[in-house]
């Protein structure tokens with residue numbers, strides 16, 4: 001029997017969203033527009049919250065962090081895909097692949113945890129309005145954001161260290177548009193049991209657990225809203241949560257489908273479609289979801305835009 005060739009791959013080929021070159025111009029134009037909207041939208045949210053003192057509250061502090069994470073999540077994947085399409089060079093070195101994977105998981109975990117933190121913020125605001133400022137103190141807000149940054153760094157680094165021990169021999173084509181964990185594990189010719197177990201543990205910790213916390217928060221919120229005597233009061237209370245619920249549905253609807261569904265029902269096409277949702281579509285839509293229904297944020301955005309126009313003229 002011939003010994004296997006265990007020379008690890010030095011680079012991978014990202015096959016992208018479509019293997020048909022005819023689709024490239026459309027995909028390039030579409031994702032370039034989406035990325036530009038994502039960058040402008042999220043940076044405007046951050047600037048509006050930073051420069052308007054009326055928005056220096058816990059809710060907007062968490063929103064600014066979410067916008068920063070969304071911007072970074074999209075920047076980690078979309079520009080590389082655009083370069084690959086434009087240059088028709090779809091290769092990525094192994095170190096760059098691991099780096100992209102690290103930041104993808106880092107910002108993805110942050111996104112998940114921040115959305116759960118924002119649900120807790122809404123729970124305190126609606127269920128304990130008189131004690132809101134006491135509970136959501138600057139120290140607690142700092143911890144609710146700072147701890148997830150450290151937590152995300154540790155988990156992402158563990159993923160990379162476990163991945164670095166694997167050997168890739170033979171086929172080096174990834175049926176994806178960025179370096180994601182699951183497609184890479186399929187290419188390994190060594191035992192990936194430890195990696196797969198860690199993926200399941202992390203999925204439970206950073207997807208299932210925050211999602212359960214969100215459901216618990218909104219269960220308490222619904223009970224509190226139902227106790228409000230007037231229909232107008234109930235509508236006003238629920239309107240403060242509607243934007244966040246939309247983001248929850250967008251983000252967790254796709255991530256649960258990718259990381260918690262059995263591998264038997266997952267396909268490369270489904271994985272790529274879900275990845276597009278949470279790396280490109282959701283970061284692009286979040287600024288619109290939060291700003292369209294929020295008068296204070298719309299007012300702050302108008303001030304920034306008007307100031308820019310007056311400065312230019």
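In case you wondered, yes, glycine gets a Cβ from its N, Cα and C as well.
Matching 143-163, 164-184 against Swiss-Prot, the residues noted as transmembrane segment span 143-163.
Taking the topological domains listed in Swiss-Prot, residue 24 lies across the membrane from residue 52.
Feature transmembrane segment, per Swiss-Prot, maps to range 275-292 of the set 275-292, 293-310.
Take the CB of residue 89 (N-linked glycosylation site) and look out to 10 A: across all protein chains shown you find 11 other CB atoms. As a whole-number mean, the pLDDT of the topological domain 'Cytoplasmic' (293-313) in this prediction is 75.
Within the same chain, the transmembrane segment (55-75) stays apart from the transmembrane segment (197-217): fewer than three Cβ pairs sit under 8 Å, each pair at least 6 residues apart. The highest tally of CB pairs under 8 A with the transmembrane segment (26-46), across 98-118, 197-217, 275-292, is held by 275-292. Outside the topological domain 'Cytoplasmic' (47-54), and at least 6 residues removed from its termini, the chain residues within Cβ reach (under 8 Å) are 60-61, 63-64, 296-297, 299-301, 303-304.
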